[in-house]
Amino acid sequence: MKVSLANTLVRLAIRQDDSDSSVPDDDSQYGYVPDESVAILFVVLFGISTALHVGQATYFRLWWLLPTAALCGIGEVIGWSGRLWSSISPLASTPFTIQISSTIIAPTPLLAATFIIMARIVQRLGTSYSRLTPKWYTIIFLPCDIIALVVQGVGGGIASSADTLEGANKGAKIMLGGIAFQFVVIIVFSALALDFTQRYLRDKPVRRDFDGIQRGAFTPRLKTMLVALGFSTTVLFIRSVYRLIELNGGWNGRIIHTEVYFNVLDGAMVVLAIFTLNFVHPGVFLKPTEEKLSNPESSSSSSSVQMRPVS
């Protein structure tokens, strides 16, 4: 009895190659057979968003969107293609390995785009109101994003290549550590972004710039960009909470074996985040005047930027 149970757990966690799709849900590595129509839907949605991001990045010459937003979309297409493959061959190990690694790692580059956009918003509205300068947003948060990406990738590699349940659990714990680190980074970033916003709105600068305070105009486009950024960060935060709970429950937990949770709290959240940057694109909402704060002389004569002394 104990041997039989152990074999079942190993089969569920480690995935034995099998092309036969006519299997009970409990025998699938997922604990269920992925829904084919849902997988197709997400492959199409992420494919559309990725194509749009490539086209938009090229048109506006915002090349940093290619290794961030576009790369996220590519990763999600690969991950959901793995789930589509699994809907046809539920016991095959390769598609399960592809989807578990890709869907965990893919949203990480999108966070990098969020950090870059926030740095540019700070530059536009006024660095005096931010505890971090635009440069430090990049210096601090982008390396953290890379660290989270590497840790999750290592964990996913260990879990997918393990030959025992113990090895798979070790990989899951490493992935959990990477997601937890990313979760903390999101919280710190959000706190700084909220602090900047409320200081700008209340006109309570943190420090002086030059011989006075630079205060950029909070135009409708900038308001829309900031709201979009807040929404994108929120849904990625929800997704991180789900992933933390999912992996903490182990390979045989109820959360990881419930498909609707994954579809809604992972897939749908990332779809909302990535399409938000398609509709509210920084090429439209930031680029036209993004350099107005870089030159104090030109800023003083611009109607969108005000210079005032510090009392």
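Glycine is no exception: its Cβ is also placed from the backbone N, Cα and C atoms.
Taken from TrEMBL, the feature region 'Disordered' covers 290-311. Look at TrEMBL and you will find 37-55, 62-80, 100-122, 134-154, 174-194, 225-245, 260-280 tagged as transmembrane segment.
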Beyond the flanks of the transmembrane segment (62-80) by at least 6 residues, Cβ under 8 Å: 39, 42-43, 46-47, 49-50, 53-54, 56, 98-99, 101-103, 105-110, 112-113, 116, 267, 270, 274, 277, 282-283, 287
Leading contact stretch, 37-55, 100-122, 225-245 vs the transmembrane segment (260-280) - CB distance under 8 Å: 225-245
Tertiary contacts of the transmembrane segment (225-245) (same chain, 6+ residues out, Cβ under 8 Å): 104, 107, 110-111, 114, 117-118, 121, 176, 179-180, 182-183, 186-187, 189-190, 193, 197, 255, 261, 265-266, 269-270, 272-273, 276-277, 279-280, 282, 285-286
